[in-house]
Amino acid sequence: MAIANKNIIFVAGLGGIGFDTSREIVKKGPKNLVILDRIENPAAIAELKALNPKVTVTFYLYDVTVSVAESTKLLQKIFDQLKTVDLLINGAGILDDHQIERTIAVNFTGTVNTITAIMSFWDKRKGGPGGVIANVCSVTGFNAIYQVPVYSASKAAALSFTNSLAKLAPITGVTAYSINPGITKTPLLHKFNSWLDVEPRVGELLLEHPTQTSLECAQNFVKAIEANQNGAIWKVDLGTLEAIEWTKHWDSHI
């Protein structure tokens, strides 16, 4: 997918990886970049607008833990304004295994609800034009960081959901792929808790291993967007982009 002249919605586009990715997207010249985030950051929005004045950058307050109905109301405003949306990026995520319910609500349920809401506008069975979904999951969806099992499980769930969406594309007209960052230097990595405090130093321990910068991650994120491969499971790690082959151990045969 060429990003130029596209209409893009980016949920959590002002976070660590999210903001660097928003910068890289704006450089590519979309027609509209609509950022949905739960915290206002006028300086960040102003920076994006200045980076490429030809791009219309719009911000709406959005908490992914709201209901499908509330998400649909906001999306209706956006579709009324833009008429069409080409790409939805779901980037919301928290890493704090002390907050079990919120971790699941943000990392998994929120993604499901946002996508369920946008299907009202995209689903070809309802006369929609289809669309593309990029879900930010995690390499912990491949193999858990066992000291943060709630986070890891929530990301595995998001990955599984994304894989299913891709297989449903012939029915819905909506394609999907996942972006799975490895250990990336962001504020998220420094401010989290392990489940039941099983490893108080888990953040420090992770940073003792090779990492990538959020800019490196963002640049490869944009390459994945441009590749636009339905069903792709992208590993974005150590400054590289790699499509993962998923191993099938069981088949429903339906």
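Keep in mind that glycine also has a Cβ here, set from the backbone N, Cα and C atoms.
Sequence annotations record features per position, and here Swiss-Prot assigns NAD(+) binding site to 10-33. Residues or ranges marked as substrate binding site by Swiss-Prot on the basis of similarity to another entry: S138. Annotation comment: Swiss-Prot describes Y151 as active site, proton acceptor.
A map of Swiss-Prot features onto the structure.
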{"residue": "F10", "record": "NAD(+) binding site", "Cβ within 10 Å": "24"}
{"residue": "G13", "record": "NAD(+) binding site", "Cβ within 10 Å": "27"}
{"residue": "G16", "record": "NAD(+) binding site", "Cβ within 10 Å": "21"}
{"residue": "F19", "record": "NAD(+) binding site", "Cβ within 10 Å": "23"}
{"residue": "S22", "record": "NAD(+) binding site", "Cβ within 10 Å": "27"}
{"residue": "I25", "record": "NAD(+) binding site", "Cβ within 10 Å": "27"}
{"residue": "K28", "record": "NAD(+) binding site", "Cβ within 10 Å": "18"}
{"residue": "K31", "record": "NAD(+) binding site", "Cβ within 10 Å": "16"}
{"residue": "S138", "record": "substrate binding site", "Cβ within 10 Å": "27"}
{"residue": "Y151", "record": "active site, proton acceptor", "Cβ within 10 Å": "28"}
Rounded to an integer, what is the Cα-Cα distance in Å between S22 (NAD(+) binding site) and Y151 (active site, proton acceptor)?
24
